[in-house]
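This report refers to the structure that appears directly beneath it.
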Amino acid sequence: MAASYEEERDIQKNYWIEHSADLTVEAMMLDSRASDLDKEERPEVLSLLPPYEGKSVLELGAGIGRFTGELAQKAGELIALDFIDNVIKKNESINGHYKNVKFMCADVTSPDLKITDGSLDLIFSNWLLMYLSDKEVELLAERMVGWIKVGGYIFFRESCFHQSGDSKRKSNPTHYREPRFYSKVFQECQTRDAAGNSFELSMIGCKCIGAYVKNKKNQNQICWIWQKVSSENDRGFQRFLDNVQYKSSGILRYERVFGQGFVSTGGLETTKEFVEKMNLKPGQKVLDVGCGIGGGDFYMAEKFDVHVVGIDLSVNMISFALERAIGLSCSVEFEVADCTTKHYPDNSFDVIYSRDTILHIQDKPALFRTFFKWLKPGGKVLISDYCRSPKTPSAEFSEYIKQRGYDLHDVQAYGQMLKDAGFTDVIAEDRTDQFMQVLKRELDRVEKEKEKFISDFSKEDYDDIVGGWKSKLERCASDEQKWGLFIANKN
């Protein structure tokens, strides 16, 4: 039975009174390696924040000030809030020389906490929501949306799934939730101002903390960035992916067809074949664009001892990828990100890998120029993607392309775009015959398991998959749809 509000607050307060007797970074992070982790993790977290120079910032669960001093150096004004008195006093003793900081002992769940609506540019919290009940998270999310200005941001970071720190604890009342809980609560949060205008939160980013992946092979440290927008704002393509093409049920359906961990053509079989062509070496860094639910990334990290960064625009895909990572202990980090707006430093990756994803991107030349910058000299790109015949598409095929929002090119034109972006040794292969063989095998498997498929999903799902696969085969047989494999180098 869920604890009452008073019981929940007492449990959490007593837990933190016990763990704040020793006011050190080890006590706050509940980890014996805290000092070393902090050196990598704190700069990483701060680097993820939107610009807040001269802005009004609220830090919830400020603790002894691990982030307070850093925030104070840039913020116009900062409120540092914590509900344990001796903890916030310690913070003030360390950071009180910053005259733009107000230190406050208060409980974020208390109705007595008064913050003016529309007064903040950024709300920052690090390990706070996991110490609140589900209902408290929902109520606080609503209040936070009210507190920030339109265009303002909310950043929070939480431990998901299970404990990360190695500190021994008599009891542990922490709520280690699935990331999809936080995504759902904040996505569904809507507020109205006095004039009746409606506002909601748009997800700007969601990723696991790289320092924990690198040092602990742990993907459960996850942060979110949200921006307050008018409810009329169109979230466009991301909403289409998560509500239409890649709904949670649809992803599981695709996974049944492609194999565990995969949502692209051929599953593990084609992954093994194509990854072999990249000549991966231990310690290399790979970017997977459109990583789906992570099967290819886990394979690369485990088999070749590389570090993989998987990005996907679909929140649902990344949620599944994070869940699949539990217990694998591999060097893979995941992020909800748009590859057309994402920024990485030049020369960041040894390999960029993308499977049946770039068909969604309208400006491929711009994306390939970006890939070229992100790759290190000597780096390699490998892409498989839907393509089309050079001839004029039929009305039916044109309608299919339009309905899916695809941007398709013929295989040679696709390869030329890579050359134009600066790549050399470009290989552009028409793999349509292989595509058709794989489609037939996948279709045959689904049809043989018809009763189980319908039992696990539905008759409608079965008909969608069978009809969709047969349509792909027909389009390929009529020389309209193609499948291309592209490999290129950066000298």
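Keep in mind that glycine also has a Cβ here, set from the backbone N, Cα and C atoms.
Taken from Swiss-Prot, the feature S-adenosyl-L-homocysteine binding site covers G61, R66, D82, D107, V108, N126, V263, S264, G290, D312, D338, C339, R355. Marked as phosphocholine binding site by Swiss-Prot: S159, S164, G165, R169, Y176, Y254, Y386, Y400, R404, Y406, K472. Marked as N-methylethanolamine phosphate binding site by Swiss-Prot: Q245, Y246, Y254, Y386, Y400, R404, G405, Y406, K472. Feature annotation from Swiss-Prot assigns N-acetylalanine to A2.
Taking the features listed in Swiss-Prot, we show where each one sits on the structure.
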residue: D82; record: S-adenosyl-L-homocysteine binding site; Cβ contacts under 8 Å, 6 or more apart: G61, A62, G63, I88, N91, M104, C105
residue: Y176; record: phosphocholine binding site; Cβ contacts under 8 Å, 6 or more apart: M130, S159, C160, F161, H162, Q163, N220
residue: Y254; record: N-methylethanolamine phosphate binding site; Cβ contacts under 8 Å, 6 or more apart: V263
residue: R355; record: S-adenosyl-L-homocysteine binding site; Cβ contacts under 8 Å, 6 or more apart: S264, T265, T270, T271, F274, D288, G290, G292, G296, I383, S384
residue: Y386; record: phosphocholine binding site; Cβ contacts under 8 Å, 6 or more apart: D356, L359, Y406, L408, Q481, K482, W483, G484
residue: Y400; record: N-methylethanolamine phosphate binding site; Cβ contacts under 8 Å, 6 or more apart: S471, R475
residue: K472; record: phosphocholine binding site; Cβ contacts under 8 Å, 6 or more apart: L439, Q481
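Residue pairs drawn from G61, R66, D82, D107, V108, N126, V263, S264, G290, D312, D338, C339, R355, the listed S-adenosyl-L-homocysteine binders, are separated by up to 47 Å at the Cα level. Around the Cβ of G405 (N-methylethanolamine phosphate binding site), the number of neighbouring Cβ atoms within 10 Å comes to 15. Sparsest Cβ environment among the binding-site residues V108, V263 (other Cβ atoms counted within 10 Å): V108. Cβ neighbour count for G290 (S-adenosyl-L-homocysteine binding site) (all protein chains, 10 Å cutoff from its Cβ): 24. Each of the binding-site residues S159, D338, R404 was ranked by the number of other C-beta atoms within 10 Å, and first place falls to S159.
DSSP classifies Y176 (phosphocholine binding site) as coil under the three-state reduction. Distance noted between the C-alpha atoms of R404 (phosphocholine binding site) and D338 (S-adenosyl-L-homocysteine binding site) is 18 Å.
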